[in-house]
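Novice: Let me give you the structure first, and then I'll get to my questions.
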Amino acid sequence: MTNIRKSHPLIKIINHSFIDLPAPSNISSWWNFGSLLGICLILQILTGLFLAMHYTSDTTTAFSSVTHICRDVNYGWIIRYLHANGASMFFICLFIHVGRGLYYGSYTFLETWNIGIILLLTVMATAFMGYVLPWGQMSFWGATVITNLLSAIPYIGTTLVEWIWGGFSVDKATLTRFFAFHFILPFIITALVIVHLLFLHETGSNNPSGIPSDMDKIPFHPYYTIKDILGLLLLILLLLTLVLFSPDLLGDPDNYTPANPLSTPPHIKPEWYFLFAYAILRSIPNKLGGVLALILSILILALIPTLHTSKQRSMMFRPLSQCVFWLLVADLLTLTWIGGQPVEHPYMIIGQLASILYFSLILIFMPLASTIENNLLKW
């Protein structure tokens, strides 16, 4: 009798993807974040489903329905905070996952990389719409400011904004459609994740050295399942510490005030994971220019495979490129800090310099460092 794991049409697919999958023998802990992202997605879908059972997407009752979840629903508070802080964990894992792809040259798997960029954009859109749902002050004004950016598009801008709003301002129609999209998008993300994995398993995983590892593969289970479980336990520890000790650490106090279109908060800012892009947007005094810079700050990832000039795939043996990479990480942290600061001196000039540096590092210094390293190889 053949093993059901290898003969059953459905179980066979799971077996080839997670059990008997040949994996490089030397992949480090930086490769844990793919599985952690999968866990985060499952957590977000499950907690989101339970929240949706009690949430009402109406401007008059949305805020009080979230309060009701926290006060009256059994363990509603923990579900709500797991969902809110789970999004933060999701983005931490996402940024590390993208950073690892950059560092070790995983972007040479073009299809996997491009699907990954689409996934990043979709997750960002989902998180933005989710932030609007509690209908607090920052929810309302965040939605107003960010959707209003589309009015910078020549000719069709204003019509487009009113079409998204479903009226002449952010109101009931906007909240209802954002809830609908926020509910459906995670399932679209799940489908994209499957495509992402499909393309990855066509080529096999990259590894820290960046050289082909076909001659030295080990089965995914038990080696990497155990390794991933360790990463998962650390993620759960971090998430539960955040949820149980300081659930509002990463939130905004303004969101505990019900939305009021007549009162603008002193500092409108998005969640922490969007602050780097928000800082780039604010650093350009022109509206359309700012919007373009905002979009390019993410889409520039699609250019990275084209800008790869090195003869080596990974940065493991390229100290100059490593310096540029860590400068980029420091620059992104600076942008994140600046995005949360008020628009005044000296933050404005720091933000502008950090934005110029961000694009310069990717477009100029990374290819330049690679070219210098190529020439050094000849010596």
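Every residue, even glycine, has its Cβ placed from backbone N, Cα and C.
Here the structure is a predicted model, which means the values were calculated and not measured.
When I checked Swiss-Prot for this same protein, it listed these features:
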TRANSMEM  33-53  transmembrane segment
TRANSMEM  77-98  transmembrane segment
BINDING   His83, His182  heme b b562 binding site
BINDING   His97, His196  heme b b566 binding site
TRANSMEM  113-133  transmembrane segment
TRANSMEM  178-198  transmembrane segment
BINDING   His201  ubiquinone binding site
TRANSMEM  226-246  transmembrane segment
TRANSMEM  288-308  transmembrane segment
TRANSMEM  320-340  transmembrane segment
TRANSMEM  347-367  transmembrane segment
Novice: Nearest by CA distance to the residue listed as 'ubiquinone binding site': which of the binding-site residues is it, out of His83, His97, His182?
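Specialist: The smallest Cα gap between the residue listed as 'ubiquinone binding site' and any of the binding-site residues is with His97.
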Novice: Mind giving me a neighbour count for the residue listed as 'ubiquinone binding site'? Other Cβ atoms within 10 Å of its Cβ, every protein chain shown.
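Specialist: Its Cβ has 14 other Cβ atoms within 10 Å.
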Novice: Considering only Cβ pairs within less than 8 angstroms, which of the stretches 33-53, 77-98, 178-198, 226-246 has the most against the transmembrane segment (113-133)?
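Specialist: Per the Cβ under 8 Å count, 178-198.
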Novice: Run through the Cβ atoms and count how many others sit within 10 Å of the one on His196 (heme b b566 binding site).
Specialist: 21
Novice: In sequence order, what residues of the same chain, 6+ apart, have a Cβ less than 8 Å from the Cβ of His97 (heme b b566 binding site)?
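Specialist: In sequence order, the residues whose Cβ lies under 8 Å from that of His97 (heme b b566 binding site) (at least 6 apart) are Phe33, Gly34, Leu37.
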Novice: How many Å lie between the Cα of His182 (heme b b562 binding site) and the Cα of His196 (heme b b566 binding site)?
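Specialist: Spelling it out, the Cα of His182 (heme b b562 binding site) and the Cα of His196 (heme b b566 binding site) are 21 Å apart.
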Novice: What is the total of other Cβ atoms whose distance to the Cβ of His182 (heme b b562 binding site) is within 10 Å?
Specialist: 21
Novice: To the nearest whole angstrom, what is the C-alpha distance linking His196 (heme b b566 binding site) and His83 (heme b b562 binding site)?
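Specialist: It is 24 Å, counting Cα to Cα.
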